[in-house]
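Peer 1: Got a structure for you, questions after.
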Amino acid sequence: MGVKVSGELSSSGDNNGGCQKNQSLNFGGFDEFEEEGDNCCDENDDDFVALNSYSVQCVRTDDVWKIELEEDEFRHPLVREICRLIQLRSSWNPKLESDMRHLLRSLKPLQVCAVLLSQDDERVALQFFYWADRQWRYRHNAIVYYAMLEILSKTKLCQGARRVLRLMARRGIQCRPEAFGYLMVSYSRAGNLRNALKVLTLMQKAGVELNLALCNTAIHVLVMSNRLEKALRFFERMQIVGIIPNVVTYNCLIKGYCNQNQVENALQLIADMSSKNCSPDKVSYYTIMSFFCKEKQVKEVRDLMEKMVKESNLFPDMVTYNTLIHMLSKNGHADEALEFLREAEASGFRIDKVGHSAIIHSYCKQGKIDEAKSIVNGMLSKGCNPDVVTYTAVVDGFCRVGKVDQAKKMLQHMHKHDCKPNTVSYTALLTGLCRSGNSLQAREMMNGSEEEFWTPNAITYSAVMHGLRKEGKLSEACDVAKKMISKGFFPNPVEINLIIESLCREEKMDEAKRFFEECLNKGCAVNVVNFTTLIHGYCRKGDLESALSLLDDMYLSNKHPDAVTYTAIIDTLGKNGRIEEATDLTVKMLKKGLLPTPVTYRTVIHRYCQMERVEDLLKLLEKMLSRQKCKTVYNQVIEKLCSFGNLQEADKLLSRILKTASRNDANTCNMLMESYLSKEMPLSAYKVACRMFNRNLIPDLKLSEKVSKRLMLEGKSAEADNLMLRFVERGHLSPQGE
């Protein structure tokens with residue numbers, strides 16, 4: 001197996017794309033490529049300037065670091081033994097670590113690279129890299145640093161990549177443009193465009209000149225971050241300093257145009273490439289074809305294929321057809337994909353089972369099972385035997401349309417054709433059973449997996465667990481979750497929360513608490529939301545002491561309550577008349593830097609108004625408003641006081657909302673007027689209306705007419721006439737109407 005990693009130098013000619021070696025590649029600073037408001041590579045930014053504090057030997061070179069790791073390197077006994085010991089890291093003891101240390105010193109640099117590349121989890125590879133770097137009488141070879149950086153460039157572990165680059169500086173390892181390129185890509189994958197572009201300035205300060213490969217990386221990063229305009233400016237600037245773009249550069253920009261739905265510009269760029277002495281390759285055309293496939297523009301795809309032949313002398317091959325089939329299938333255009341498959345076979349190309357499976361999967365997702373079965377039968381007649389992926393797609397398709405019995409028959413059909421169903425196949429069937437309300441049957445089938453020689457995975461357990469939960473079989477769902485944990489599969493916080501929430505809704509708090517503690521003790525990733533859900537369940541049941549006890553447990557588990565957690569307990573304290581404790585807890589929440597949410601405001605207002613503690617409420621609201629503004633807070637207070645019939649206190653607060661005189665304020669005043677009217681206090685309602693007019697707010701006309709009629713009945717005709725006259729003055733009522 002050939003795997004490219006950074007390694008020994010192999011001269012591969014001029015890779016600067018014609019860069020003039022006697023010309024400075026200083027772009028005059030890269031600030032213009034930063035996001036607005038960013039200070040690129042500030043001298044006080046320790047994350048980046050630290051590299052300059054070491055004596056870094058960074059030299060210009062046109063060599064590319066390449067090496068091929070053969071399969072023998074991965075199969076070497078030393079490599080395999082170290083990988084075995086790494087898998088036992090959770091139970092390491094001094095002896096195992098000593099064995100590891102001894103083996104490490106016997107490894108050649110390429111074998112260390114093989115160990116890193118053998119790890120399924122890049123974080124484990126990084127941990128091994130750090131551990132090895134700390135060992136006495138061992139130092140990583142330069143190729144190991146580059147191998148680690150290349151691995152990290154395929155992940156979002158940008159902080160790890162940055163640390164590896166800093167270690168290179170400390171160890172005096174030569175920093176080539178490729179090393180900075182790997183860091184840039186890792187930042188990009190993590191969504192950190194600002195720091196990705198800072199790498200350019202870091203290179204400049206370290207004395208490393210740009211080459212074509214790094215320019216292509218920078219353009220790719222900008223394109224993938226939807227910064228096409230900046231990518232085009234960078235493209236122009238690199239040519240000014242003498243770096244000639246190649247087909248990779250143009251393909252990045254073509255991809256950028258397609259991402260922005262500017263396909264005409266992408267086509268124009270292909271047309272311009274020939275005049276730049278850079279002929280487009282098939283990737284250039286495939287990128288635009290993919291865009292057309294996504295938009296189901298089959299005619300445009302065919303026109304582009306003809307153009308590819310006539311203008312670039314590039315003929316469609318099996319890769320071309322496979323690309324079209326997969327792109328059309330991926331975007332739900334199975335009929336068009338099948339059309340290209342038949343065209344490819346008519347042209348003498350043999351589309352493999354992967355291409356067929358893509359179309360089958362697309363048909364199954366659309367519920368077109370008959371078409372999918374037809375393709376499977378066609379594969380058998382052509383001698384292209386479907387594999388487990390193909391059959392599994394059909395099983396899943398049957399389950400999606402509710403034909404679970406047909407899915408079972410398909411599994412039997414697989415056995416007849418010497419294609420053993422795998423875990424994914426059975427998981428698809430179990431998911432179908434759960435969807436059709438047969439979760440207990442799915443659980444029995446999962447429990448009998450050993451008889452069928454398959455092993456459930458985390459997805460299998462989750463599917464059955466949630467099927468049982470949806471059917472209300474919560475005890476059985478908890479049992480499946482516990483078995484899942486015992487098998488080494490941990491439910492995620494969302495899955496844990498769904499079970500806890502369902503148990504709380506059924507008021508099975510003891511069972512919910514036991515399940516929660518089981519997850520917590522077994523090392524599941526329990527988060528704040530899980531704690532809050534259980535606390536909220538106790539609060540709904542009125543078990544305040546258990547809720548407060550669980551709040552204390554959060555701190556012991558190093559989980560910090562959020563505003564939602566506090567709000568649930570504050571509401572229950574207020575409901576139980578423990579208003580002083582509710583006040584203390586609200587103040588405690590504010591002191592911890594948590595901002596009150598709209599629900600927090602509504603909760604506090606409701607409970608304090610209910611207890612007629614208006615003065616205490618206003619003092620508490622002032623503290624809350626100093627941390628988090630809420631424009632309608634006093635509107636809510638007045639409306640809540642009206643709903644509890646405390647109109648006197650509501651009237652006292654009216655001046656607070658009339659300062660802003662907004663539409664919300666008008667609605668609040670109307671509510672107060674209606675409350676006065678229901679209490680047979682039309683004169684007070686009239687006074688509220690007058691205050692509204694004084695602030696250029698217009699009371700509700702129909703409500704005001706009711707107030708006027710009630711005033712007339714009580715012998716207050718002057719006030720009644722004055723109220724209607726105010727509407728006439730503002731043009732909301734004609735004099736004739738009066």
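Every residue gets a Cβ built from N, Cα and C, even glycine.
TrEMBL entries are annotated by machine, without manual review.
If you look up TrEMBL, you'll see 155-223 marked as domain 'Pentatricopeptide repeat-containing protein-mitochondrial'. Summarising the annotation, TrEMBL assigns repeat 'PPR' to 176-210, 211-245, 246-280, 281-316, 317-351, 352-386, 387-421, 422-456, 457-491, 492-526, 527-561, 597-627 (among others).
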Peer 1: Where else in the chain does the repeat 'PPR' (317-351) make close Cβ contacts, counting only residues six or more beyond its ends and a cut-off under 8 Å?
Peer 2: 282, 286, 289-290, 293-294, 296, 298, 301, 305, 358-359, 361-363, 365-366, 368, 371, 375, 384
Peer 1: Please give the sequence-distant neighbours of the repeat 'PPR' (492-526): residues at least 6 beyond its ends with Cβ less than 8 Å from one of its Cβ atoms.
Peer 2: 462, 465-466, 469, 472, 474-475, 477-478, 481-482, 485, 533-534, 536-538, 540-541, 543, 546, 557, 559
Peer 1: Near the repeat 'PPR' (387-421), which residues from the same chain, at least 6 beyond its ends, have a CB less than 8 A from one of its CBs?
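Peer 2: That would be 353-354, 356-357, 360-361, 363-365, 367, 369, 372-373, 376, 379-380, 428-429, 431-433, 435-436, 438, 452-454.
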Peer 1: Checking distant contacts: for the repeat 'PPR' (457-491), what same-chain residues at least six beyond its ends satisfy Cβ-Cβ under 8 A?
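Peer 2: For the repeat 'PPR' (457-491), the nonlocal Cβ contacts are 423, 426-427, 430-431, 433-435, 437, 439-440, 442-443, 446, 498-499, 502-503, 506, 508, 511, 514-515, 518-519, 522-525.
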Peer 1: Across the repeat 'PPR' (281-316), what does the pLDDT come to on average, as a whole number?
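Peer 2: It averages 89.
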